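To keep things clear, I will list the structure first and then write my remarks on it.
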Amino acid sequence: MLEKRYLVLEDGSYYEGYRLGSDDLSIGEIVFNTAMTGYQETISDPSYTGQIITFTYPLIGNYGINRDDFESLTPKLNGVVVKEASTHPSNFRHQKTLHETLAQYHIPGISGVDTRSITRKIRNYGVLRAGFTDNKDNIQELVEQLKTAELPRDEVQTVSTKTPYVSTGSDLSVVLLDFGKKQNIVRELNLRGCNVTVVPYDTSAEEILGMSPDGVMLSNGPGDPDEVDVALDMIRGILGKIPFFGICLGHQLFALSQGATSFKMKFGHRGANHPVKDLRTGKIDITSQNHGYSIDCDSLKNTDLEVTHIALNDGTVEGLRHKELPAFSVQYHPEARPGPSDSNYLFDEFIAMMKDFKEKERQINA
């Protein structure tokens with residue numbers, strides 16, 4: 001017999017469903033993701049650290065979970081909400097069910113709830129604190145706890161690598177600042193022959209330049225960019241000295257380092273179907289996104305940055321480029337996983353930028 005579980009929101013509403021995953025109940029910021037596939041990559045994305053994900057697609061877990069498709073070593077999210085969780089996956093690669101995987105990583109979840117209603121609530125009122133209980137009598141107590149709960153801060157410290165390591169390639173050398181990177185960023189660089197050195201988020205500009213890389217990338221990651229101000233001096237210290245490419249949180253930190261400001265979005269962009277327009281070409285890409293903060297377009301007016309991409313759904317900033325220096329960034333995920341590969345070409349642009357910069361340096365020193 002399925003055991004009851006309750007998803008409780010800070011506004012006092014609650015949803016009755018069935019126990020999924022761990023009995024280690026937790027609270028977090030509840031968000032929604034609109035991707036139809038890729039639930040495993042989503043669950044293992046470090047950018048969701050401390051959050052509770054509501055999947056809008058009604059059936060999750062139907063092809064199971066396998067270790068090879070994880071985007072990080074250990075999922076760090078605080079909960080999963082689904083309409084229906086598959087108990088009999090059908091895929092020759094699957095190793096565990098969704099329930100077994102969540103239990104293994106001490107992640108609570110709930111199934112059998114109206115995910116459309118939850119999504120509409122988040123859409124209309126913004127992200128909310130939420131938590132789980134297995135006892136209906138504890139709901140009001142949990143509501144009061146949620147109203148005053150301090151959600152985790154500085155999540156980047158939790159998910160960043162503690163020591164540098166190398167993913168070997170044969171050509172250009174790239175230093176990747178790990179703010180909570182997805183593994184597919186490393187894969188995409190390796191596929192293009194890059195030797196990737198992954199370093200902690202608080203590595204200094206001097207340390208990076210001492211490695212003599214051909215380029216620097218700033219990864220995605222969780223939380224508020226204003227809480228990662230340790231990276232701003234590092235960015236300013238390397239700009240112009242080596243080519244630069246920022247993704248998601250890395251994009252936001254790039255903007256902040258040049259004097260722009262960020263703001264918390266009502267419910268963010270999370271899914272694999274977000275249209276983005278390249279203002280340089282007029283081309284529209286369907287992109288994978290996962291962010292709850294955005295750069296204030298007006299704050300860019302007195303900076304050396306220009307907007308290169310915008311979101312078609314709400315007009316927010318999705319891409320930036322420095323007007324003088326070899327540096328650019330995007331708010332979305334060109335590495336996908338999950339999502340379409342429309343924007344893979346941005347890795348090729350970064351490779352071309354590094355080669356061009358290297359050739360100019362060679363000519364200057366000749």
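Placed from the backbone N, Cα and C atoms, the Cβ positions cover glycine too.
Taken verbatim from Swiss-Prot:
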type: ACT_SITE; residues: Cys248; note: active site, nucleophile
type: ACT_SITE; residues: His333; note: active site
type: ACT_SITE; residues: Glu335; note: active site
type: BINDING; residues: Ser47, Gly221, Gly223, Leu249, Gln252, Asn290, Gly292, Tyr293; note: L-glutamine binding site
type: DOMAIN; residues: 173-360; note: domain 'Glutamine amidotransferase type-1'
type: REGION; residues: 1-171; note: region 'CPSase'
What is the one among the binding-site residues Gly221, Gly223, Gly292 whose Cβ has the most other Cβ atoms less than or equal to 10 Å away?
Gly221
Longest CA-CA distance among Ser47, Gly221, Gly223, Leu249, Gln252, Asn290, Gly292, Tyr293, per record bound to L-glutamine, angstrom
14
Return one of helix, strand or coil for His333 (active site), based on DSSP.
strand
For the recorded L-glutamine site formed by Ser47, Gly221, Gly223, Leu249, Gln252, Asn290, Gly292, Tyr293, name the remaining residues of the chain with Cβ within 8 Å of the site's Cβ center, in chain order.
Gly180, Asn220, Pro222, Asp224, Pro225, Cys248, His291
For Tyr293 (L-glutamine binding site), the spatially nearest of the active-site residues Cys248, His333, Glu335, using Cα atoms, is Cys248
Where the distance is taken from Cα to Cα, which of the binding-site residues Gly223, Gln252, Asn290, Gly292 turns out closest to Glu335 (active site)?
Asn290
Any idea what DSSP makes of Asn290 (L-glutamine binding site), helix, strand or coil?
strand
Neighbour count, 10 Å Cβ-Cβ cut-off, for Gln252 (L-glutamine binding site): what number do you get?
31
So His333 (active site), by the Cβ count within 10 Å over all chains shown, scores 25
